Amino acid sequence: MTVRYSAPGRVNLIGEHTDYNLGFALPIALPQRTSVVFDSDTSDVLEVSSALGDGPVRVPLATKPGEVADWAGYVAGVVWALRCAGHAVPGGTMSITSDVEVGSGLSSSAALECAVLGALLTSAGIELDRIEQARIAQRAENEYVGAPTGLLDQLASLFGEPGQAMLIDFRDVTVQSVPFAPESSGTALLLIDSRARHAHAGGEYAARRASCERAAAALGVASLREVSTASALQAVKDPVDARRARHIVTENQRVLECVAAMAASDFTAAGALWTASHESMRDDFEITTPHLDLIAASAVQAGAFGARMTGGGFGGCVIALVPEERVDDVTDAVLRAVRDAGYQEPLVTRTHAGGGAGLGDSA
Ligand code: GLA
C-alpha cells in the first residue's frame with residue numbers, strides 16, 4: 001500500500017521561547033509543506049530518499065540516537081521515538097519532497113517529523129491523538145537529533161487550519177483556534193526571509209533555556225508561566241537571567257493581548273505588540289541579529305503596523321502586518337535598507353494560515 005502524507009511548516013505570530021516555559025504562543029501553519037510517499041514492506045529497514053540529500057539513506061528500524069545524522073536524523077528519530085513509545089514501525093521505502101525552506105525559522109524539521117510520523121502511523125494502522133504525535137516528534141528532535149526545542153512547532157504543524165491561528169497554552173497543552181484572516185480587513189501578512197540561516201542544536205538556544213530554568217528556580221516556581229508581572233523578577237539576582245525571564249513574562253502577556261486585538265480586527269494594536277515583541281527579543285532575550293533588526297525596523301518605518309522576527313532566532317524570517325496600500329512601500333524599503341547595509345537580498349512574499357498535517361500532498 002502506498003501512503004502519501006504531508007505536514008506544513010509554521011510561522012509563529014507571537015510568543016517566542018514561551019513553549020518550554022509553559023506559557024502561550026500563537027502560530028499559524030504555512031501553505032508550504034513537506035510530503036512523504038511511503039511504500040511499506042516486511043523488511044526491518046527504511047530506505048529514505050530526499051531532494052535534500054545525495055542518495056537514499058538506510059535507516060535500520062532498530063536505530064539508536066547518534067547513528068543517523070543530517071536531515072535523515074529526523075526520520076530516524078521519529079522511528080526511534082515511535083518504537084520507544086511501544087509502537088511497531090514498518091520498514092519500506094520513503095521519498096520526501098518539501099517546499100519548506102530549511103534553516104529559515106519556518107520549522108522545516110517539525111514538518112519533516114510530522115509528515116514521516118503520519119505516514120508511518122497510517123501505514124501501520126495506528127491511531128494516535130495529535131498531542132501524543134507532537135510529543136513523539138518532539139522526542140525525536142530532543143533526544144535523537146539533540147536539539148532541546150519545545151512543543152510549538154510540532155503542535156502548529158499538526159493542528160493548523162486554513163484561516164485560523166492557534167492559541168497554544170503549553171501548561172495545559174491545549175490548542176484553541178483563533179480566526180486569522182487579516183486580508184479580509186485590508187491587511188497583508190508579509191513573510192520576509194532574510195536568507196541568513198540558523199541551527200538550534202547549537203549552544204545559544206540551550207543557553208536561553210538554561211537561563212529561564214535558573215530564573216524559575218531562583219523564584220521557587222516550577223516554570224516562568226507562574227510569574228505574571230515583571231516586577232516579581234527582582235528576586236532573580238543574576239541580571240542576565242532576570243532580563244531573559246522578563247522577555248518570557250512580558251511575551252506571555254503580549255500573546256494574550258494580541259489574541260484580543262485580532263478578535264477585534266485591530267491590526268494596529270496587534271502590529272504594535274509584534275514590534276514590542278521584537279524589541280524584547282532584541283534587548284532582553286538577545287536572540288535577534290542586526291540584520292533582522294534592520295529588516296523589522298525598516299518595515300515599520302515604511303508603514304507596517306508592526307514587524308518581528310519569528311522562530312528560535314539568530315537568523316531566519318521576519319513577519320510584518322502591513323496595510324494593503326503600503327505593501328509595495330514596505331517591500332521596497334526593506335529591500336533598499338538591506339542592500340545599503342550590504343546583506344543578501346531577502347525574499348519577500350505574502351503568506352496566510354494553511355491547513356495542518358494530513359493524508360495527501362495538500363491541506
Ligand atoms: C524553535 C523551537 C520551538 C520554540 C521556538 C521559539 O522554533 O523549535 O520549540 O522554542 O524556537 O519560540
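Quick reminder: no glycine exception, Cβ is built from N, Cα and C everywhere.
According to TrEMBL, the features are:
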DOMAIN    5-37  domain 'Galactokinase N-terminal'
DOMAIN    74-160  domain 'GHMP kinase N-terminal'
DOMAIN    260-336  domain 'GHMP kinase C-terminal'
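Counting residues per DSSP class in helix, strand and coil order gives 52 helix, 8 strand, 27 coil for the domain 'GHMP kinase N-terminal' (74-160).
Helix first, then strand, then coil: DSSP counts for the domain 'GHMP kinase C-terminal' (260-336) stand at 46 helix, 12 strand, 19 coil. In the predicted model, residues of the domain 'Galactokinase N-terminal' (5-37) average a pLDDT of 98. Helix, strand and coil counts from DSSP across the domain 'Galactokinase N-terminal' (5-37) read 3 helix, 21 strand, 9 coil.
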